[in-house]
């Protein structure tokens, strides 16, 4: 009777885990809607999405090796599709260097490393139980990487005192999701599913605390921009505008050094604004 009860509870938590995980995958939608509207990735990073795609692919492989793992197979299939769409959008609107960096991440994680894992475990490990254990350990390790990926964003929040690039909805659903999957893994006695979600819960709580601390700050994080990354037709305008502005600042400095800050505010907008 206790076993039947545990199976039913596992099904409930697995179903809830699927639902909440789906919401987690949808949480970045406002971010990518903003990227599409502004046609720029601004300060957002592709690393969390690349690592999440790799983890979903690896867990999907683990689900196929494991008997009766329909809960793992369904949500990770959906996850692979959604994360792929996010990365395609990011690649479309990312500047040159960010696009190249994302392509390198995809080539390393999602083609090279995943292909090597499937190839080695399929050919070199003959016993199915041992293969499942090996892939399970890999899933646990990279699930931790998924939960740790937002650490770079948390560092940015602390540094800039702005939560602009750390949506609260993502942190909230990440915490709930970790709770559901920890319970599911515990009920089916799957160490590889349950353990990483302890860390996921911890990071989720930490992100929500940071959001509470810095949500009222007005600091704006500006995207990194270099003249070399601008289209050819705009480089001359940028350089001329910069030179003109610098000349006016030098002139003001010579005549009234103590009022430089006020002078910048009084300078004509067309002399200061970058023509991009």
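Any Cβ shown, glycine's included, is placed from N, Cα and C.
A quick note: this is a predicted structure, and the numbers were derived from the prediction, not measured.
Lifted from TrEMBL, the feature list:
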TRANSMEM  6-26  transmembrane segment
TRANSMEM  47-64  transmembrane segment
TRANSMEM  70-93  transmembrane segment
TRANSMEM  105-125  transmembrane segment
TRANSMEM  131-153  transmembrane segment
TRANSMEM  165-187  transmembrane segment
TRANSMEM  193-214  transmembrane segment
When counting Cβ pairs under 8 Å to the transmembrane segment (193-214), the leader among 6-26, 47-64, 70-93, 131-153, 165-187: 165-187
Segment proximity, the transmembrane segment (70-93) to the transmembrane segment (47-64), 3 or more C-beta pairs under 8 Å: yes
Residue numbers, six or more beyond the limits of the transmembrane segment (165-187), whose CB comes under 8 Å of its CB atoms: 6-7, 9-10, 13-14, 16-17, 20-21, 23-24, 27-28, 30-31, 42-44, 71, 147, 150, 153-154, 156-157, 193-195, 197-198, 200-201, 203-205, 207-208, 210-211, 215, 221
